[in-house]
Amino acid sequence: MFPHEEKLIRERLGREPNEVEKAMLEVMWSEHASYKSSRPFLKLLPTENEHVVLGPGEDAGIVKFDDETWIAVGIESHNHPSAVEPYGGAATGVGGIVRDILCMGARPIALLDPIRFGPLEKERNRYLLQGVVKGIADYGNRIGVPTVGGETEFDESLDNYTLVNVACVGIMRPEHFVHSYVEEAGLKLVLVGNRTGRDGIHGVTFASEELSENAEEEDRSAVQIPDPFTEKLLIEATLEAVYTGKVRALKDLGGGGLTCASSEMAGKKGFGAVIYADRVPLREPNMTPTEVMISESQERMLFAVREEDVEEIGKIFEKYGLEWTVVGEIIKEPRYIVYWKGEKVADLPIDLLTEVPTIEWETRPYSLERDVETPKISFSDAFELVWSSPNVLNKRWVWEQYDHEVQGRTVVKPGRDAAVLKINERYGLAFVADGNPNHSHLNPYHGAMGAVAEVVRNLVSVGAEPLALVDNLNFASPERPEVYWSFAETVRGLADAARAFGLAYVSGNVSFYNEVVDRPIKPTPVVAGLGKVELEKIPGFGLEEGLLIGVVGSTKRELGGSELYVRLGLKGGIAPRVNLEEEKANAEGILEAIRRGLLKAVHDVSKGGIAVALAEMAVLGNTGFTADLSKVPAETSNPLEVAFSESHGRYIVVFPEERLEELKALFRHFAVIGRAGGSGAVFLWNGDELLRKPITKLREVHESFPKLLGEEE
């Protein structure tokens, strides 16, 4: 809390807050809980369209899938905790987002995990990766929720640090929807789940400041302890309770613990709450009321129910072996009062906890873009560099640790443009997350637009009509003027791109103060998207013998932030621009081509450019190709720029020759560049050979990720 905020609180109360009140206020006024630095900009984001049932403001967003099915979706970061204790930090990140979905009345059905680390040459970064992946895998597998996709990327700005973002979707019937706030006084507050301990105390305040060099020792107690077995019981018990129709409001205890859950539940519609902190079941002896109120012990939920329904709901919890207690009630008066063994230990106006004033920091624009001459290296050397990049390698090592098939809904599995989950006999839900900090670092506005465009392309590539978005904004300290400016520009880019596609953000997360000892991370907006797809229309992904290969979209000289430049250590360049008109037209064209059954396979072009997209399709289809890159619709005649530019709006399509004329009619920029077949990848330029590689060699490199961790495949 800043000195001017402490002064404001003293003036409002007319006195000094006592120890319990001060601890609760510190938690609720933290950046992590209050969004005080980000709220002024977040209101720019579009939050409504015909698919949105519930936009931002509760624990998760809700999207209409059809008349009988709604989808709850949310995204969270657990960056600081995972950097300090990677296993526990990542595991509790999964637990938290699953409970966010659960408390809307939805059954969690899938997770995505966009995760980022420093260079793998360093042992500490390998330790963080292995711990985070094991934490996500163990927790997700044990609660029976599949992890179906995500990103695993590496960047020098994350040395000794990690970004762990987790998105979750759940499925629900409209009649089971429960709000996270109350609409009447007199309700009893029932706490259920794990006992409360000292873990996670000041978790939100720790997440609202940069990490020190000794964070691993100093901040370990701020990381919560995961217990997936209790979470599994909590999922089933919560849904059974919700299905009775007698749960009036429901929140999980995440950041800020009991203070945050109960004050937000009561305060949203102007009610108050009385909490009897000494009734909370404790895991450790001699805990103080302060510790009880701000503990972030995991696997706990807070239910608001009418007095006459308490016993019925309680019996459900007992059936699952879960401990439950009435810890308070909702009152008419808008105050937040805490008792401890009969003594009043806190008494605050509830809006002092829930309505935190915003802060607008100084902004300072910067520009890192500058024209850079394309390097004069051979095509073969450039391809080897990019194809062997840790960001391009197949992450099978990661996703094979996750049970991605539990619940039996996963139709399109990890490793494709987007995962697809079966919702009913005819339709599936496509789910994907994307971000490109290298583009955002060069130009935060266009980097953010690009993240939205890539999500749309990934959804469209599996035949899905995009429905809605969620965003996770990972930034360094907002107190740095350049960082705050890049945040504002990012939100502007996210808003403009979503509006152009007619999409809305239904939930999101902001994580500031991602820096270690004065070293800020790059701006890293991560966007996750949902789409609806007809299951029998999903195209393939790999090449097939004898089929034509086409490129949709125009390639520009846009190598700034590209994988090629990163591998060569080149700074600057121009970040790719999104031509919204072309991006939309191409997405609509691809969807129409899929609807008509014109395409056998589709892959969007993104990281690594056309060269990488083609090689990935060859490896997946176990089929070679011959492709003349001089035929690609492009504004440059440099083979390296055509092959490795990361221009937006582009797709590789694979189709039988008889469909060519129909496809040509759908796109402004379209060309056949070659044919699939044989056992090698052959790149040409004006008929001359640039590179020839056997598929076996391509696969050997592509599957070599475990070697970077010192493991054999």
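Keep in mind that glycine also has a Cβ here, set from the backbone N, Cα and C atoms.
Feature annotation from Swiss-Prot assigns active site to His32. Residues or ranges marked as ATP binding site in Swiss-Prot: Tyr35, Asp471, Gly508. As annotated by Swiss-Prot, Mg(2+) 1 binding site applies to Glu76, Asn509. The annotation substrate binding site is assigned in Swiss-Prot to Ser77, His78, Asn79, His80, Arg99, Gln224, Glu296, Ser297, Gln298, Ser511. Here Swiss-Prot flags His78 as active site, proton acceptor. Per Swiss-Prot, Mg(2+) 2 binding site is recorded for Asp100, Asp252, and the stated evidence type is sequence analysis.
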Most distant Cα pair in Å, residues Tyr35, Asp471, Gly508 binding ATP: 14
Check Gly508 (ATP binding site) against DSSP and tell me helix, strand or coil, would you? strand
Take the C-alpha atoms of Glu296 (substrate binding site) and Glu76 (Mg(2+) 1 binding site) and report the distance between them in angstrom, rounded. 16
Rounded to a whole angstrom, what is the C-alpha distance between Arg99 (substrate binding site) and Asp252 (Mg(2+) 2 binding site)? 6
Which one, from the binding-site residues Ser77, Asn79, Gln298, Asn509, has the smallest tally of other C-beta atoms lying within 10 Å of its C-beta? Asn509
Tyr35 (ATP binding site): tally of other CB atoms within 10 A of its CB: 18
By the DSSP assignment reduced to helix, strand and coil, which category contains Asp252 (Mg(2+) 2 binding site)? strand
Taking only the CA atoms, the spacing between Tyr35 (ATP binding site) and Ser77 (substrate binding site), expressed in whole angstrom, is 14
Which are the residues of the chain, Tyr35, Asp471, Gly508 excluded, whose CB is within 8 A of where the CB atoms of the ATP site average out, their centroid? Ser38, Leu42, Leu45, Pro56, Asn472, Leu473, Tyr505, Ser507, Asn509, Val510
Cα-Cα separation of Gly508 (ATP binding site) and Glu76 (Mg(2+) 1 binding site), in Å? 7
So how many other Cβ atoms are close to Gly508 (ATP binding site), meaning within 10 Å of its Cβ? 26
Would you count the other C-beta atoms found within 10 angstroms of the C-beta of Asp100 (Mg(2+) 2 binding site) for me? 28
When you measure from the Cβ of His32 (active site), how many other Cβ atoms are you left with inside 10 Å? 23
Cα of Asp100 (Mg(2+) 2 binding site) to Cα of Glu76 (Mg(2+) 1 binding site), in Å and rounded, measures 9
Give me the count of other Cβ atoms within 10 A of the Cβ belonging to Arg99 (substrate binding site). 28
Binding-site residues clustered about Asp252 (Mg(2+) 2 binding site) [Cα within 10 Å; pool: Ser77, Gln298, Asn509]: Gln298
If you measure every Cα to Cα pair among Ser77, His78, Asn79, His80, Arg99, Gln224, Glu296, Ser297, Gln298, Ser511, the residues listed for substrate, what is the largest value in Å? 20
